[in-house]
Every structure is written in C-alpha cells, then in structure tokens.
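Visitor: Got a structure here, written out as structure tokens. Questions coming.
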Amino acid sequence: MSIHVKNNIHWVGQRDWEVRDFHGTEYKTHKGTSYNSYLIREGKNVLIDTVDHKFSREFVQNLAAEIDLATIDYVVINHAEEDHAGALTELMARIPGTPIYCTHNAIDSITGHHHHPEWNFHPVKTGDSLDIGNGKQLVFIETPMLHWPDSMMTYMTEDAVLFSNDAFGQHYCDEHLFNDEVDQTELMEQCQRYYANILTPFSPLVTAKIKEVLGFNLPVSMVATSHGIVWREDPTQIILKYLEWADHYQEDRITLFYDSMSNNTRMMADAIAQGIHEVDPGVAVKIYNVARHDKNEILTQVFRSKGILVGSSTMNNVMMPKVAGMLEEITGLRFRNKRASAFGSYGWTGGAVDRIQTRLMDAGFDISISLKAKWRPDGSALAECREHGRQLARQWALHPLDAPRPLATTQATPAPEMPAAVTAAPKATAAAAEWDDDQAMLCTVCQWVYDPAQGEPDQLVAPGTPWAQVPDSFLCPGCGIGKEVFEPCAVEACV
C-alpha cells in the first residue's frame, strides 16, 4: 500500500506495530515504529531508502505492485543501518545494475552488511545533485554522526521536500502519515524521547548541521523522516525544537532514580523529594526505580531536568548493577548543563555513594554534596534527607525562591528563533577564540583529542601546531567531522 505525500512522491514504507525493542534491547518502542521509504516518479523514478530487513520480502512485493521494478532508475540510501537499508539485498536481486547513491562511508557500511561490493555504487558529498527530470533535482547533504558516519539527507528541489533520515523522526506508529493528523502531545513526547536517547551525544553537531542546511536558504515545505510521521504542517516547528534541545537543554525539573535491596534507599528518595517540594513547590519532581521503570523514560527525564539525584544501596562495596548500567548510559549520552548528587543506604561500608558521585563527575555533571544513611533510616535520618532536599532545591533554583514564580516554569531559556538567513556553520578558529599554544581540543562527538604536542601527521599537521593554526579543512580522525565540534580540554583530563 502506498500513501500520497506530495505531487509525484509516495510513501512505500512499512509500519511495525509490534516492535517493542530497538537497537537490540536498548530502546523501548512502546508506540511501535515505521520504516519510511519514498518513491519519486518524475522524468526518472527514484526510491529513497528501503525498510527493516525483517520486512524485505513484503516490501519488495508491495513495491512491485506499485511500480515495475525494472523502471526504477536510481536508489538513494540516506543511511546504511538495517532499519533503513535492510531490504537492499532482496531488492537488488531484482534490479542488480541500478545505481545506488550514498555517501562514501555508506558504501563501507552497506557492503559490510550485505556483502555485495559489485553493486553499482555512486558516492556523493554535500552539494552534489542528481537530475531527476521535469526541472527537479535531488541535492545531497552529508550529516556524519547524525547518528552514524554514513548518514546524509536528501533535498528535492521545486517540491521543497527534505528527506531528513533519522533527524526529526520518532519511533511512533500510526495509521496517519502526517503530523497534523495525530495526537500532538503524544507526537512531541516521542520526538523528545527519540532525541534524548539517540541524538543527545551529537548535540553540537545538530546545531552546526541545521545552521549549515538553513544557510543554503532553501524553502522547506515538508520534512519526510525515516521513522514516524511526515512533517507537513509547519515543518519548521521540529527544526526549532531540535535547536532548542541541542542548546544545553533543561527544564525546571529534578529527577531522582535509584535501586534498593530493602527499601531503605527508596525511603531516602521519598524524603529528599519531600524536602525539595517544601522549598520549591513549583519544580517538577519525578522518582524512578531503575529496576522497574522504563530505562528510556528515565533517560528522557534526565535530559529534561536541571538536576538529578542518583541513589543506590551498597552491595559488595559498589553500587547496584542497574544503577551502574544507567550511569554508563548517561555517560555515553554526554548530557550538559545539569547538576547532580548521590545518595544511598549502607550497612558497614558505603562505597556505592562515593562511586556514584565519581561517575557523575566523570559524566560532566556539576556535583553537589552527597548523602548516606546507615541501615534503615529512622526519623532522624529521614529528617536529614528532607533537609538535604531543601538545600538542593535552594542551590538548584532557576529563580529566586522568595519571589513570585515566573509564568513559564518549564523552560530555563526561551526557545531559539529561526534565523532569517544563516551562513554555514561557524568554524572554531582563532577568530572565534584565542587558545594557548598547548591547549588540547576534545571532539564532542567521538571524544578524540587533538594534542598540539603530537599534531596530526596524517593530515600534515606537524607536532607543535597550536589549534589556532590547524587548517579549517581539518577533520577529526575519529569521526570525520570538522573543527566546529571541538572544545577546549586539558590533555590529562581527556586521556
């Protein structure tokens, strides 16, 4: 079954109502998902992306009912991951010589998944275009690490449709295809969940890439994503949201999560939350047991929060395993502009709290004092927990607590405005800031470190070259992204 998108563009993807786990079991898809593939019929027939490999045969059968496969002139693969390009083997068996347009990195990924190096690959880079007839072109825009090195977007001129790949999407299945046809609250919840759990580590690149795309001054009438709905009504709303979420996002919200063997740490969490509420009744407070709640919901709440409290009983002098796993996830997501504190109960040693505090510091949180309670907290210990909550509420307040609360309490900063005309993403050069000659620089995407003492001989950057003198054409050896995603870092702190 196909769905008309616009003019000669049709959706030919696959809905997946049943899927509940994505990326292995790392992402819970309670609302299902869709694998969006698009068929363009102009002077040339173009297929943009396929579907997940488990639907390969069904996809090709449905596509053959829509169009004579032999008349497909080009296949465009925006992303090589199996939920996008999974049906390629089944499809290319039917049309083996058809050109496949993708990035250089995608050729490696596609070949690694499908083991067909003989396919007719045509690598593209940002600014390359493909004439599809009737005065229309496809323009390609590389988006490395959003969220794979091979990722790109495709823009269709005249129709002004941006096929955005994973960006601006959501794991959300609905019989309706367009954003104006579905529940808006549910939709935005899934968009934020998707960003928080998948794209947060790449926020600096999100901002740079959106500004680069806007700098082309191309009109956008629709954003056709790879998962979930197509943005037809006011498509710039999701672009604005991404700019907001990428800008050290926080709300006036505090999240507590914990694990407990005997409910002692749970009692502490409840008391701390009570203390926060006593001092700042307007702040949103949520409590989660990591052993019982949806991990991705907790991570989304962490993304939204100005501060978090992480609690654990001590077991074998370390934290509970599920708390440790959650902190590993949080470290990888690289949240910014957030405060944190550890708490927990113990019997004879209290190693869990100290280890949590260290992990939170390593993850980039602004650390506040921690709290321990021995054995089951009594009335005095619970009073101490409530006082701890009161102190944190005062320290973490986004507004004077003795003044009337602002009307808009959920946002720490106003949403950014869409630039009227934006130039290409700014380069992190000496013009923007002056660095010491020995200043190391950290790639915020892959964590590779540029050490001036070592330089980067593979790119003809000699040892002893300060960052300000590194050419603007420099690309991170770890992820292939430019200087705009680097930030200062002490060498000893980065290695």
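Even glycines carry a Cβ here, placed using N, Cα and C.
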Visitor: What does Swiss-Prot list, out of D73, D83, D108, D294, as binding the same Fe cation 2 as D166, H227?
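Guide: Looking at D73, D83, D108, D294, the one Swiss-Prot places in the Fe cation 2 site next to D166, H227 is D83.
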Visitor: Just to be sure I read the record right: H79, E81, D166 are listed as binding Fe cation 1 in Swiss-Prot. Which of H104, H147 is listed for the same site?
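Guide: Candidate listed by Swiss-Prot for the same site: H147.
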Visitor: In the domain 'Rubredoxin-like' (438-489), how many residues does DSSP assign to helix, to strand and to coil?
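Guide: In the domain 'Rubredoxin-like' (438-489), the DSSP-based counts are 9 helix, 12 strand, 31 coil.
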Visitor: Can you tell me how many other Cβ atoms are located within 10 Å of the Cβ belonging to D166 (Fe cation 1 binding site)?
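Guide: D166 (Fe cation 1 binding site): 23 neighbouring Cβ atoms within 10 Å.
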Visitor: In sequence order, which same-chain residues at least six apart have a C-beta under 8 angstroms from D362 (FMN binding site)?
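Guide: When sequence neighbours closer than 6 are ignored, D362 (FMN binding site) has T331 within Cβ distance under 8 Å.
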Visitor: Most Cβ neighbours within 10 Å: which of the binding-site residues A352, I367, C443, C446, C476 is it?
Guide: A352
Visitor: Which residues of the same chain, at least 6 positions away in sequence, have a Cβ lying under 8 Å from the Cβ of E81 (Fe cation 1 binding site)?
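Guide: S109, W148 - these are the non-local Cβ neighbours of E81 (Fe cation 1 binding site), listed in sequence order.
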Visitor: Have a look at the binding-site residues (H79, H147, H227) and report the one with the fewest Cβ neighbours inside 10 Å.
Guide: H147
